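Participant: Mind having a look at this structure? Questions to follow.
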Amino acid sequence: MLSTALYVTLALVVMALLMNLYRLTIGPSLPDRVLALDTMYVNSIALIVLLGLWLNSKTYFESALLIAMLGFISTVAVCKYILRGDIIE
Amino acid sequence: MTLLWIALLPLLGVLVPALTAQRGRSFCSLATAVLPATALVMTLLNVPALLDGEQLRFSVTWMPELALDLAFRLDGLSLLFNLLILGIGLLIILYAHYYLAKDEPFGRFYAFLMLFMASMVGISMSDNLILLWLFWELTSLSSFLLIGYWSYRSDARKGARMALTVTGAGGLALLAGLLLLGDMAGSFNMGDVLASGDVILADPRYPLMLGLVLLGAFTKSAQFPFHFWLPHAMAAPTPVSAYLHSATMVKAGIFLMARLHPAIAGSELWSVVVSLVGIVTMLYGAWFALMKTDLKGILAFSTVSHLGLITVLLGIGSPMAILAALFHILNHATFKAALFMSAGIIDHETGTRELKQLGGLKKAMPVTALLTTLAAAAMAGVPLFNGFLSKEMFFTESLATPVLGGVSWLLPALATLGGILSVAYSLRLVHAVFFKPAREEPPKTPHEPPHLMRLPVEILVVLCVVVGLFPAFMATGLLELASEAVIGSPLDFHLAIWHGVNLPLIMSLLAFVVGIALYWRHGNVRRFTQQFAGIDARRVFERILISIGYRSEQLIAALEGNSLQRYVGWLWLAALVMGGIGLVQITDLTGAAGNQPLDGILILGAVMLMFGGVATAATHRYRLISLLMLSVVGLFVALTFARFSAPDLALTQLSVEVVTMILLMLALFFLPQKTPRESSPLRNVRDMLLAGTLGLVIASLNYAVMTRDTLSISSFFVENSKPGGGGYNVVNVILVDFRGFDTLGEITVLAIAGLAIFKLLNRLRLFMPHSDGEGRVWSPDRYPAVLTSISMTLLPLALLVSAFIFLRGHNQPGGGFIAGLITAVALILLYMARGVAWAQERLDFPFQPVAVIGVAVATLTGLGSWLFGHPFLTSAFGYFSLPLIGTFELATALLFDLGVYLAVVGATLMILANLGKVTTAHRPVTETSGKDTDAAAATSSAKEPR
């Protein structure tokens, strides 16, 4: 049961990633792309956790934690860049 | 053990003048003299042992990998040279005490002089070829400092540079020669080398080796055609000339030839080359000594001439010739040092060294006149002086040698010619200075120097006379020892003044008669030579140097196009060719191990990774979008690391990714937002082809390697990680333990890079554009509230995670590097959210010490293992238990990791925060049109203090 759910979820997450990539490529506006990248980071968290479940290993957890904690900072930096140009002022 | 001290004492003596210079010149001179005097006494104390036939050796292994031992010997040859170096050195110290002007930095002079003395003693006593070469180089360097002592004078600087260039180049040749020699003999130990003369002579590389060693010797001893530096080195203060250019430095080449005589002489090549070079040098030097009008110039060229004489004798190489060479080394050192010092006294008291302005000084300086006359008589080879004895021996040997085969009669003829010139210039030196009436007035009224300044000259002249009168009593013992050291067996000889009327005596007589006549008709000779245009060696030398420099620049310009694309292109092309060659050589791309299982996620991940890479390149003209695409690549690389069980790498990649983004965006702000279309379609195609092919080759290589079972070193680390390093996390144990030294190097580089960026950005203030690339003005909201509050909440969390990652790093994924990056990113977020001013108020310390302290902690941890007698960076660990916490492990590696952590935090923040500061003060307050902003930029940057 779990493995079936796992496969379905994995497939969905990978599809989501593909869509993120599509949006990132197409745009059309810069905020679209930034959001796409950010969502990509969020989906990666899911992917890593799912991988951990699938391969039955705990070592993946920290990577997920790190993306969750730091991943948004790149987004913040890009946003700040778009808004103000200078990200550290 | 005393041997080591004899060599070390002068070296320690370098410190004495530096420490005592404050106490006045008298104290300093005395203190400086103590150590070389002690070394001289110690040398003399060893003489009885030497006479008993003891082999005095001292040897400590220094760097066995380089065949370098700290090995000294004291044999007859070393004894002779030690006596000259230390004895005359002491006299020079006394002389310099009076010679240097009151306001000149005498401490520095003495320090250089001691350094030179130490290196000469080192050459004379080295029992190892490499060690000998080290001291040889040290003489070149210290003589450079001494010659250029009056560094405010252009001729001193140029003369010093020329001497260094010539002797330094010779030193390089000598190194090559000695390496060859050691290789041929199979040992770099002097005793072994000297004993294997037969092997060396039979070796096919012998001519090459001989050429290189002789280059070294000839450049040092100013042999033709490398003699030109010596007259220009006369820009040195006279004590230096008296020391370096009479007794010591120029004798180093002679010494080398004598020292290596048993090993490398004994071939026809040696005899012909060395004696021919010697005789040419002798005549050339003697001729120009006669032509020069500068007192020191005359002495310089006469030195060249006498060095040539000694070289001829070494080239002849018969036992008696060697004896004559050694005897003349001794004699020349005494009379030439005396003459140089007299010249210095004359210069000192009259203010000039030009013969034109000198004359009739015998009235004003009767004692100096007497001393100089006696020394010059020794130089001319007048009977009853020491110079006469060795010159007679030289004539005898020139008659006896068959070196030049059928034209062997040439040698005595040329030797007589040299004798004639020698008599003429010696006579001229004395007569023109002391007896002939002066044509012009000297700048100062001449008078006798202080008595103690004359004392060294007196001692040396007395030596000249006493050796000349009682040669058998004075010199036999020393020469017996020295000649035995060079020839290898005791030599039976008798030094005597009178050998009866024989051919050498007739040659001497001839030399005197013709020499006096030559001086008498000297004016005619000068007029004759004035028809020829003179060549200024220095001008030629400088011109050659300039042209070499110019050619090098051209070569560099041809190789360096300053085009990054071209460099990368060549690099890639090389990689392509090498990789291609490797690939062609394997028969089957897929190895025995076969493919690994593949699943849908892997395929899609790979596709997205590739897409990200291609998209980064495709969108490169839109820099921000390209950066976003690059970020996709980074993310997927991290995911790949995670998928293939490399959590440490994944963590590192993720945190590095964030820092990179911030860094690039900070930089991007000052760059044009869009890259103009620069490349032609042809170039695009070329670049795509190159990059594409290289990509395929690298991919194939990776595939080939990964489908094979290769022997890897990783099993060693996996097996030894726990027992050897005390940690389960192999990656971290490798970083902090197995390859801790590498890590130390890396964090040092990181800290230095951080400091360099800090210095480069220091005071740099760039003006920022007032709108983005599409002309939109910036949002007025500087610190969005959402970001501000999130950053505050995140900080403690991030620090906690960072501490967690740091502490568990030794056994589970993590470690100082990742923890440091997490801390740095969390702090940088604070900077982004609240601004530099706010953050600096709260983080009230500079980051550069943090990075430096990090490196220091890591280094000290490494050094700590020395305290326990272990090699650098040996780690130790143990298990401890505390109530509530339980058993835990403590390892010194943790301390090392702390250093890594601090270095990373310090360096990262130093770079990012300082880059962020670049614009801070200059954001335009009101929005204006572009033109006004530019004007404002100009004024504000002008106001910025530099």
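Cβ coordinates are placed from backbone N, Cα and C, and glycine is handled just like the others.
What you are looking at is a predicted structure, and each value in this text was computed from that prediction instead of being measured.
As listed in TrEMBL for this protein:
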TRANSMEM  B:30-51  transmembrane segment
DOMAIN    B:65-110  domain 'NADH-Ubiquinone oxidoreductase (complex I) chain 5 N-terminal'
DOMAIN    B:126-400  domain 'NADH:quinone oxidoreductase/Mrp antiporter transmembrane'
TRANSMEM  B:131-152  transmembrane segment
TRANSMEM  B:164-188  transmembrane segment
TRANSMEM  B:270-290  transmembrane segment
TRANSMEM  B:455-476  transmembrane segment
TRANSMEM  B:567-586  transmembrane segment
TRANSMEM  B:598-617  transmembrane segment
DOMAIN    B:609-673  domain 'MrpA C-terminal/MbhD'
TRANSMEM  B:624-644  transmembrane segment
TRANSMEM  B:650-672  transmembrane segment
DOMAIN    B:683-765  domain 'MrpA C-terminal/MbhE'
TRANSMEM  B:783-807  transmembrane segment
DOMAIN    B:787-909  domain 'Na+/H+ antiporter MnhB subunit-related protein'
TRANSMEM  B:813-833  transmembrane segment
TRANSMEM  B:845-868  transmembrane segment
REGION    B:923-946  region 'Disordered'
COMPBIAS  B:935-946  compositional bias 'Low complexity'
Participant: Taking DSSP states H, G and I as helix and E and B as strand, how many residues of the domain 'MrpA C-terminal/MbhD' (B:609-673) are helix, strand and coil?
Facilitator: 53 helix, 1 strand, 11 coil
Participant: Tally of helix, strand and coil residues over the domain 'NADH-Ubiquinone oxidoreductase (complex I) chain 5 N-terminal' (B:65-110) according to DSSP?
Facilitator: 31 helix, 7 strand, 8 coil
Participant: Do we see three or more Cβ pairs under 8 Å linking the transmembrane segment (B:813-833) and the transmembrane segment (B:650-672), pairs being at least 6 apart in sequence?
Facilitator: yes
Participant: What is the three-state DSSP composition of the domain 'Na+/H+ antiporter MnhB subunit-related protein' (B:787-909), stated as helix, strand and coil residue counts?
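Facilitator: Secondary-structure breakdown of the domain 'Na+/H+ antiporter MnhB subunit-related protein' (B:787-909): 87 helix, 12 strand, 24 coil.
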Participant: Using DSSP, how many residues in the domain 'MrpA C-terminal/MbhE' (B:683-765) fall into helix, strand and coil?
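Facilitator: Taking the domain 'MrpA C-terminal/MbhE' (B:683-765) as a whole: 67 helix, 0 strand, 16 coil.
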Participant: Restricting to the same chain and to residues at least six past its boundaries, which positions have a Cβ under 8 Å from a Cβ of the transmembrane segment (B:270-290)?
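Facilitator: Beyond its ends, the transmembrane segment (B:270-290) has Cβ neighbours at 210, 214, 218, 222-224, 227, 231, 257, 264, 298-317, 401, 403-404, 411, 414-415, 417-418, 421-422, 424-425, 428, 518, 522, 525.
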Participant: Please give the sequence-distant neighbours of the transmembrane segment (B:164-188): residues at least 6 beyond its ends with Cβ less than 8 Å from one of its Cβ atoms.
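Facilitator: Same-chain residues near the transmembrane segment (B:164-188) but 6 or more away: 67-69, 128-130, 132-133, 136-137, 139-141, 143-144, 196, 199-200, 203, 205-206, 208-220, 226, 228-229, 256, 260, 263-264, 541, 545.
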Participant: Are there residues at least six beyond either end of the transmembrane segment (B:650-672) with Cβ under 8 Å to its Cβ atoms? List them, or say none.
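Facilitator: That would be 623-624, 627, 631, 634-635, 637-639, 641-642, 766, 768, 773, 805, 813-814, 817-818, 821-822, 824-825, 828, 832, 908, 911-912, 915-916, 918-919.
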